[in-house]
Every structure is written in structure tokens, then in C-alpha cells.
Amino acid sequence: MMRSPGRDPAPSDGEEASDSTPLLQGAWPAEGAPVCCSARYNLAVLAFFGFFVLYALRVNLSVALVDMVDSNTTSADNVTSKECAEHSAPVKILRSQTGKRYQWDAETQGWILGSFFYGYIVTQVPGGYIARKVGGKRLLGFGILGTAVFTLFTPIAADFGVGALVVLRALEGLGEGVTFPAMHAMWSSWAPPLERSKLLSISYAGAQLGTVVSLPLSGIICLYMNWTYVFYLFGIVGIIWFILWISLVSDTPETHMRISQYEKEYILSSLRNQLSSQKSVPWVPMLKSLPLWAIVVAHFSYNWTFYTLLTLLPTYMKEILRFNIQENGFLSALPYLGCWLCMILSGQAADNLRAKWNVSTVCVRRVFTLIGMIGPAVFLVAAGFIGCDYSLAVAFLTISTALGGFCSSGFSINHLDIAPSLDVSSLRQRHFIHPYHSFCTRRGTPGPYLSSGYVIIPKK
């Protein structure tokens, strides 16, 4: 039975001295370091804006492409574009017509939109290795900076031709591919176990809000100015964020210049027994790990749907539901506003369930993953059977994407639950090591010492 942390009673005379001392020395205070103005939450906020910029740079082409392509070219190739009737009221304002138009058919547009992910997939695994060598701060910062700089050259690449634009987008994908591994590497040194869901959900929620802002803003820019300014604006914002990131962030609490001593000790103590002493990567055990493969399958399944919608939703809004460019941006952003809200709320709920209700980590991860996978699947399948009911289509797509936000506290951060390892070599001779529990106990009284993944019980 779990007990509230409290002062440990003195051992009885019959107990050995070695059993009278908590197994996890230097356990952190029962009440964590304050949240307000803390270095770890400042990191979360800066990471939030980093992923805001990251996804703004990623999705702006999805809306801009609608305005870059001569609509007559697309309509001639699309046999379903006339299935739903026109319904949007004409835009009364004078629309800018200064942006250059290109004769790109649907297949060419698909190659342009998909080229980003050819670069993105290449740097996923190397990104984790590089982050370990050079630090997550520099890798994440320069990854976003590179993407921002390449974004500034998008109009020039488009003038050179489809091939140049495809290569440029693939290079942007290379830069963005390292960002999630780099951020995970940083949080492995910064996030106390019982604040993990909150801190990571705050960080990654920036991706959803970046999508929410980028899609309608790109539509407005295309409407009032022209599509080239979409890339100039977001590219400059990315460079500004990079300057702030490099100036204010550190890879670890030990190297942070402005962190309080109390917060530093709190973070280091909470993570002390999660740091692996193994120097080489255990590739064979990793490849044999069923939990790891479960995370891989979950990521693949979720991202298949998420990125398909992220890339093609504006095209669907225009070609099938027949919304104009301004409506397109706002309605395409609506699902990601719901996802952002679910990410923030689910992060708070997940950590409260673990910290206050003593629900096991594995149970929390499973439940939140189940909600975030089954819910979106149901509504996305339903959206395929509603025909041209515009309101219902938008509602189902919004609910589907919003429920996916629960995965941010499920499989999405489960890497950090299973990757850290407790150095148990010195304890195996005297203790049983049992995984997947949250508290360490010693003979006589349950102790308040978190080990995030192990319960250590002395042999009698």
C-alpha cells in the first residue's frame, strides 16, 4: 500500500545497519522546487515557442501551395473536385494577384508536399546520437535555424523549378528531423519524473499552436499580400527564436547560469538513479525490446494519420469542400486548436493521476494512448461517410485531431519512462529488483523514495 512521504522511523535494534538507511540516498524533497520562474519551466516555454516555429515552418507551404498553383491546372486533373457544390460567399475585398502562379498538377503538388518527409526521416535516429555527443541545445537550435534559413529561399527555389523546390523541402526536413530527438535528450536531464508529462506536453503543445496560427495567418497573407511573404515572415521568426534559445538555454541544470541551487538539487536528486552507467548503446537488447517496438508501432500509426491531415487538409478544404483561401486557413487550423487544448489538459491530468492518485505510470500511458488512438480513428472513418455535409466534416475532423492530443501523455513520452536505467549492479547481491512500480521500500516501512521504474526490496 502506498503511503504519503514522511519522516522515516528509526530502525529496530534487530535490523542491520545497512537496512536502516534509505536505498536511494539524497532523495529529493517531497515538495518539488517552485514552478514560477523556474529554469525547467522556462525551458518548457522556450521549447514551446521552438516547436511553434517548427510547425509553422512545416505547414505554411500547405496553404501557400493552394495560392501558388493555377487553379485551372488542378481542376482539370481532379475528377472529384466538382462533387460538392460551391458554397462560400464571394470575398468582398480586393485580393492581391501579385504572386506568381505555377502549372503544377496534383501529382507534382504531392511530390512537393511529400519531399519534406524524405529528409525528415533520415535524421531521426542519427539525431539522438548526435544530441548525445554535442548536446540537445545546439542540435535543436541549429536544426530550426537551418529550416528557417531554407524557408527564406523557398520563392527562389520555386522559380528555379519543381526539382529545386523538392530538394529545398527535403533539406528543411533534414533540419527538422533532429528536433524531437534533441528535445528528448534535453528533457532526460531536466524533467523530474513526476513532472514529465506536464513539461513535455507544454513543450510539444507548441507544435499544435504553431499549426493553429500558421494556417489561418498564411491564408490571410496570401489574400492581402502574396504567398512569398508567408515564407519570409516565418523564416525571420525562426531566426529570432534561435537567438533567444542560444542565449537563454543550457543543456543540463549543472551548466545553467541562472538556476537556483534548490531547483538544481531537486532536479539532480530526482534523476540521480535514472542515469545509466552504460557507455555504449545496447542495440541488441533494444531491438529485442517489446515495449520499444510497441512505441514504434504507435508512432507509425498515429503519425500516418496526423501528417496526412497536416499536409493535405488545406487541399481537401479547397478541392473537395470548396472553401476559399481565407476560410481554408481558419478551418484547417481548427482541428489543431482542439489538439493543443487536449495536449495541455492531458499533461496536467496524467501527472496528477500519477502523483496524487498513485496510478501507475504504465496504466496512465496505456489509457491515454488508447483514447488518443481509438477516438481519432472512429471520427476520421466517420468523416469519410458524410458526403458534402460541410459542418459535419469540419466537426468530425476537429474532434478526431483533438482527441489525438491525449497521445502526448501516452506513447509520445513513454521513451523517457523506459530508456533511463537504474544502476543496480551494487544492489543485486542484497535486493530483489522488480520493474514497473513507482516507490522503493525497505524492510519495515514503505519509503518515500521514487525510483521511476523499480521497487527495491531487501532480501531477508
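Each residue's number is its place along the chain shown, starting with 1.
Each Cβ is built from the backbone N, Cα and C atoms, and glycine gets one as well.
What TrEMBL records for 1-23 is region 'Disordered'. Annotated transmembrane segment per TrEMBL: 39-57, 139-158, 202-224, 229-248, 292-317, 329-347, 367-386, 393-413, in sequence order. Annotated domain 'Major facilitator superfamily (MFS) profile' per TrEMBL: 43-460, in sequence order.
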Selection from 39-57, 139-158, 329-347, 393-413, the stretch that has most Cβ pairs under 8 A to the transmembrane segment (202-224): 39-57
Average pLDDT across the domain 'Major facilitator superfamily (MFS) profile' (43-460), rounded to a whole number: 84
Region pair the transmembrane segment (292-317) / the transmembrane segment (393-413), three or more CB pairs under 8 Å: yes
Contact between the transmembrane segment (39-57) and the transmembrane segment (367-386) (at least 3 Cβ pairs under 8 Å, separation 6+): no
Long-range neighbours of the transmembrane segment (329-347), counting only residues six or more past its ends (CB under 8 A): 62-63, 197-198, 200-202, 204-205, 208-209, 211-220, 309, 313-314, 317, 323, 368, 372, 394, 397-406, 408-409
